[in-house]
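Some notes on the structure that comes next.
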Amino acid sequence: MSHLTRANDVHKYQPISSAEHQAQERHHSIEDPAALDLDRHLESFKQSRRKRTAIILMGAVALFLFLYWAIDGSAQGLPSCDSVDLGFRCEPHVSQFWGQYSPYFSTPSEISTEIPDQCQITFAQILSRHGARDPTASKTTKYAELVDRIHSNATAYGTGYGFIKDYNYKLGADQLSVFGQQQLINSGIKYYTRYQKLTKGTTPFVRASGQERVVESALNWTQGFHDARLKDTKSDEDYPYPIVVISEDTGSNNTLDHGLCTEFESGFDSTIASSAQAIWVSIFTPSITDRLNENLPGANITNTDTIFMMDLCPFNTVADIEGFISPFCALFTEDEWHAYDYYQSLGKYYGFSWGNPLGPTQGVGFTNELIARLTNTPVDDHTSTNSTLDDSKQTFPIGGKTVLYADFSHDNDLTGIFSAMGLYNETAPLLNTTMQSVQDTNGYSASWTVPFAARAYFEKMSCVGASEEFVRILVNDRVLPLKTCGGDYLGRCTLSNFVDSLRFARDGGDWGKCFV
């Protein structure tokens, strides 16, 4: 029997009655979307069993090579690019400046990531973005058209550009790459290892937003967690773990995927990010565009095409099983990659963070769910939460033995959630005419917050001599200072102070402005 639990079934596969199902209101419908109907999803799993077996084998080979390279230093002269502990490490001066298209890497932390002395973790929630993927359907069409136009119209290829003449565009659309699958397997291993005192005997409760790449990422993560547990305990009777899949259908309540707030989705707010990015594009791309046209005469590259050419670097890199750096990356300088990273950061900040009036409100629902889990109390929310799910102990367990949680979502949704929690409130509004470094932005950038396979850890801990539990948050291995709740030198806030600091979410954000 499948370990993908349909969201309108209770944990452990006991389906609700048809009468109960019919009583569910439309906005609380949790059937999977038509495009990703779970039955069809499972059927596609069966049909592609051979392919998936090959992928698993390739992933196993990749993992072996990762370990071999880590010990030997090289394999046929090629360094290891990805690892469980540190993430992506090839050419960091370039690969860590691809915005949300950067593969996860362990970001620097001014506060030690170690569990403080005389403290023990009592609760651990991971909120993760899916792994590296192909471009979206609309983007892959544009990239293919650009490559075809260059092949048809370029009359010459400058030094360093010759590979484009023989380049065959083969990227798909929307799906996880094999590299992206391995990222989530690695993530499951790392989570198990970090919280080993809990994970050794406790199984995480897992949810995923309904898009296929998110569901598959959750599956890959549970595989990594399971493999780590087997090595540690030689037994894992709970595997495969149930996964609650929440619909991304239009009109569905889903705290892991924005979509309900109509003013945010289609109103004035929906153009703020693109407007901010357009100004920065007009500043940083013209000189690059000129150089591309000099080396690809006849191709008539535009500033928009320049962005697409830069996109081809990360997407071709993560399309490689081992993540070896694409030749497209060498067409641009280190400074130009920094400018590109800032372009992507502008898109996230003005699209889903405080640069957008309704951006943080999109993260209110999940924030209130986290409060419920941390405090062992019912969910109190009137925004994007699904009451049918959250009122059930099977589909939203709180307290008891459930102290490990794993939720899987998208980069835009993680950005909104982080903002709703005030995690980057020390970041001043990003300038769209002058580039700012992560030092200037107090640790905020798209590559530092929401890269492929990004993960945030929400920890609750009890410490000797403390009368109250503490909360601490790590985003891609960086311990956040949590200044909004009076974080101490170890990045900890008391549980009560942390919950008090989430007043924006507890009050519903600006949800009332969603339906003007």
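Numbers here mean position along the shown chain, with the first residue as 1.
Cβ from N, Cα, C; glycine included.
Here HIS130 (active site, nucleophile) comes close to LEU176, GLY180, LEU184, GLN211, ARG213, VAL214, GLU216, SER217, PHE408, SER409, HIS410, PHE452, ALA453: these same-chain residues lie at least six apart in sequence, with C-beta atoms under 8 angstroms from its C-beta. Look at TrEMBL and you will find HIS130 tagged as active site, nucleophile.
Long-range Cβ contacts of ASP411 (active site, proton donor) within its own chain (separation 6+, distance under 8 Å): GLN100, ARG129, LYS348, ALA446, VAL450, ALA454. Annotation comment: TrEMBL describes ASP411 as active site, proton donor.
For CYS463 (disulfide bond), the Cβ neighbour count at a 10 Å cut-off comes to 17, with all displayed protein chains included. Per TrEMBL, the feature disulfide bond maps to CYS119-CYS463 (among others).
Around the Cβ of CYS261 (disulfide bond), a 10 Å sphere holds 22 further Cβ atoms from the protein chains shown. Taken from TrEMBL, the feature disulfide bond covers CYS261-CYS514 (among others).
Residues near CYS329 (disulfide bond) in space but far in sequence (CB under 8 A, at least 6 apart, same chain), listed by position: GLU91, VAL94, SER95, CYS313, PRO314, THR317. According to TrEMBL, the feature disulfide bond maps to CYS313-CYS329 (among others).
Annotated disulfide bond per TrEMBL: CYS485-CYS493 (among others), in sequence order.
Summarising the annotation, TrEMBL assigns transmembrane segment to 54-71.
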Greatest C-beta neighbour count within 10 angstroms, which of the disulfide-bonded residues CYS119, CYS313, CYS485: CYS313
C-beta crowding around CYS493 (disulfide bond), within 10 angstroms: 22
Integer Cα-Cα distance in angstrom, CYS485 (disulfide bond) to CYS463 (disulfide bond): 18
Candidates CYS261, CYS493, CYS514 (disulfide-bonded residues) - the one closest to CYS119 (disulfide bond) by CA: CYS493
Residues satisfying Cβ distance under 8 Å from CYS514 (disulfide bond), sequence separation of at least 6: LEU260, CYS261, THR262, GLU263, PHE264, LEU358, THR361
